[in-house]
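Undergrad: Just passing along the structure, written as structure tokens.
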Amino acid sequence: MFYGLNATAEFNDAGQALVSVNVNTFPGLRAQGVSLARADFAVGGVAAPHVHPRATEVIQKGDVFLIPRGLMHFHKNVGDTHGSLLGFYNSENAGRSTFQDTIFGCEVKEEVLEKDLGLSAEDISKVRGRKLNLCGKAEAGFSASPN
């Protein structure tokens, strides 16, 4: 049994809170090929652009929305009240890789990023100064903290 899917996690700086049920938080899912997550969003809250490298995501909120494995996507609450969604994955550990981690977490030279993204060296330094995941290593689970 996994208890706590109905519990609301703390909102991060982006206005998102996650409760994840994957093989790391519920070992009973090992070899079952499924996992899920509940995401709560404050008004204006977002989940940064990301992909799930090992699973297709199905989102349920009154209707069903399918996000194929590896497709870059994001979530944003555009309403005027808190919102929630349930995400279902066809993997015990869907993983999560973000644009920020992939681009700024790798050892891409600043001059390449400046030219390609149109950012200043100062902007690039600000982004690289954030705590990022290691390049090329997807998260083992989900995090309720900013990327």
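For all residues, glycine too, the Cβ spot is worked out from N, Cα and C.
What TrEMBL says about a protein is an automatic prediction, not a curated fact.
Under the heading Mn(2+) binding site, TrEMBL lists His50, His52, Glu57, His73. Annotated oxalate binding site per TrEMBL: His52, Glu57, in sequence order. If you look up TrEMBL, you'll see 3-125 marked as domain 'Cupin type-1'.
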Undergrad: Can you tell me how many other Cβ atoms are located within 10 Å of the Cβ belonging to His50 (Mn(2+) binding site)?
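TA: Step by step: centre on the Cβ of His50 (Mn(2+) binding site), count other Cβ atoms within 10 Å, giving 21.
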Undergrad: At a 10 A cut-off on CB-CB distances, which of the binding-site residues His52, His73 has the highest count?
TA: His52
Undergrad: Count the other Cβ atoms sitting within 10 Å of the Cβ of Glu57 (Mn(2+) binding site), across every protein chain shown.
TA: 22
Undergrad: For the domain 'Cupin type-1' (3-125), report the average pLDDT of the model, please.
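TA: Overall, the domain 'Cupin type-1' (3-125) comes to a mean pLDDT of 82.
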